[in-house]
Amino acid sequence: MKGFLLFISILMMIGTIVVGKEGYAMDHEGCKFSCFIRPAGFCDGYCKTHLKASSGYCAWPACYCYGVPDHIKVWDYATNKCGK
């Protein structure tokens, strides 16, 4: 039983490492990429195409992406330069 739990734990860690980071997509000015007036499914396609993410959705009013490679920048409150 302990071996099984260890195996499951290792699989979860591998999944976390392989999946990548997550966050809001940014526009060219460093602001969150708006999905306010976009059609359904837009953010999933945008995240996959432009950020090489595994998926995305509209976390109203901005696109939120999952599985973003580490070298791709996503919006971060600490380094926010939007409107500055």
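Think of each number as a place in line: the chain as shown, counted from 1.
Each Cβ is built from the backbone N, Cα and C atoms, and glycine gets one as well.
What Swiss-Prot lists as disulfide bond is C31-C82, C35-C58, C43-C63, C47-C65. The feature domain 'LCN-type CS-alpha/beta' is assigned by Swiss-Prot to 21-83, with sequence analysis given as support. The cysteine amide annotation in Swiss-Prot covers C82. What Swiss-Prot lists as signal peptide is 1-20.
The separation of C63 (disulfide bond) from C82 (disulfide bond), Cα to Cα, is 15 Å.
Looking only at Cα atoms, C47 (disulfide bond) sits nearest to C63 among the disulfide-bonded residues C31, C35, C58, C63. C47 (disulfide bond) falls within a helical segment according to DSSP. Cα distances from C31 (disulfide bond) to the disulfide-bonded residues C43, C58, C63, C65 are smallest for C63. Neighbour list (C58 (disulfide bond), Cβ cut-off 8 Å, at least 6 residues apart, same chain): C35, R38, A40, F42, C43, Y64.
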